[in-house]
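Below is one structure, written out as structure tokens; the observations come after it.
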Amino acid sequence: GDILDDYLRTDGVWLLTRNKQFYKTNNEQECAEKCEAERNFTCRAFLFTRKKLQCLTLAENAKMTVMFASTDAVLYEKRIYLLQCKRGIGTDYRGTEAKTRRGIPCQKWAEEIPHKPNYTPEKYPSAGLEENYCRNPDNDEKGPWCYTTDPAMRFDYCNIPECEDQVTHTGEGECMQCNGEDYHGELSRTESGFECQRWDAQEPHMHGFTQRHYPGKDLRMNYCRNPDGELRPWCFTTSPKKRWEYCNIPRCSTLPPVSGLGSQCLSGKGEDYRGRIAITESGNACQRWDTQFPHKHGWIPDRYPCKGLEENYCRNPDGEKKPWCYTTTSSVRWEYCTIPRCGGTEQGIAGTNNVPVQVPLTEECYRGKGQSYRGTISITASGKKCQAWNSMFPHRHIKTPDRFPDADLRDNYCRNPDGDSSPWCFTTDPNTIWEYCNLKRCDDHTQE
């Protein structure tokens, strides 16, 4: 297999690390080979920068040091050093458990107090005898162990959970179609072996992914799910140091059943629209989904096989209010498209349920401080997508619809509930809590 299969990839991050070596390489595979051959330290990860073609082999990984955003960098971490579970008797366990099954802290392998060890880093350089982490250098049938800091107990075994199989065979849930939005299996460990946090719990991580906010997403127990259109199912972990991680669920070998040809007109939010309109509502031509120019983006067709990202056609892969596309105009990143609505069927159904069919008004400006703004813009001035007001992810806040009942805090639309200078929103970027919205003040002479 590919040498990179043993690594966990994270785009756009950098590690603050002391032990590193610089190399010049042409690609990630060559950088991985440098990591495997590293003799200055134990290489747990490497960073590769696309522009400079620079390779940094690292002694640390994200569990051991600080991680921060860096657009051009790609981080690859060796999976074996991220696993918190053991396979078989755990001779290759390289996790960070450092206490025995009775809760006694482990003695460092390089120290001789209170016990003089037979197994030391010098004698067994490939056994991973670092710090005071539980290890199995002697192939003990009972699994990883350590010397203890209790003078009365020389050594004891550690309580390391077994790694689950990649799949729990639960009929329909043993593999995933598309990006796993419909996965209903019972896998409850991440790809690094972390146990998943229950969806109805707020510890150790607070979040907004609850049954109430996502009623149709089957957020039961602590099973891996994909409620928000990620690349594949994921979960929050029970480790305070790791907020969330993907789960390792294989893609089904059979293709999902094709439901017709997809809609050629706008129904609902247009997520099933598969027509060929490729121009935005202001007349800009759409950028092809399989290109990164003029706008770099993450909606790559190969990653999202069931979203219909063909050519440069308008689509709605992320649950926006209607189909959209990136534009070929460098100054306009993306815009909605004008798609004709489907015939009267939808209105008839809505009418029978006494739900009014709302025609969104294009209110593109605000008056005064914008406290009366009720438009549907949901993008900030720098182009970030707004976080829903009733969500606590990625930012926890108190500006909720319950606390501000008159502020019309619907969906993720820009609003001004607190008398700020103009409409704003929390963003879906974990590094930016909030921003003002991409709105202009209305001309004073504009009629209401």
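Each Cβ is built from the backbone N, Cα and C atoms, and glycine gets one as well.
Among CYS314, CYS365, the one TrEMBL lists as the disulfide partner of CYS337 is CYS314.
When the candidates CYS158, CYS163, CYS235 are compared with TrEMBL, only one is recorded as disulfide-bonded to CYS196, and it is CYS235.
The disulfide partner of CYS437, as annotated in TrEMBL and taken from the candidates CYS414, CYS442, is CYS414. Cross-referencing CYS386, CYS442 with TrEMBL gives CYS386 as the cysteine bonded to CYS425, criterion being a recorded disulfide. On the backbone, the CA of CYS442 (disulfide bond) and the CA of CYS414 (disulfide bond) stand 15 Å apart. Rounded to a whole value, the Cα-Cα separation of CYS252 (disulfide bond) and CYS365 (disulfide bond) is 47 Å. In this structure, the disulfide-bonded residues under consideration are CYS247, CYS252, CYS286, CYS337, CYS437, and the one with the smallest number of other Cβ atoms within 10 Å of its Cβ is CYS252. A gap of 22 Å separates the Cα atoms of CYS286 (disulfide bond) and CYS342 (disulfide bond).
Considering only the disulfide-bonded residues CYS175, CYS265, CYS325, CYS337, CYS365, CYS425 (disulfide bond) has CYS365 as its nearest partner by CA-CA distance. Among the disulfide-bonded residues CYS196, CYS265, CYS414, the ones whose Cα sits within 10 Å of the Cα of CYS224 (disulfide bond) are CYS196.
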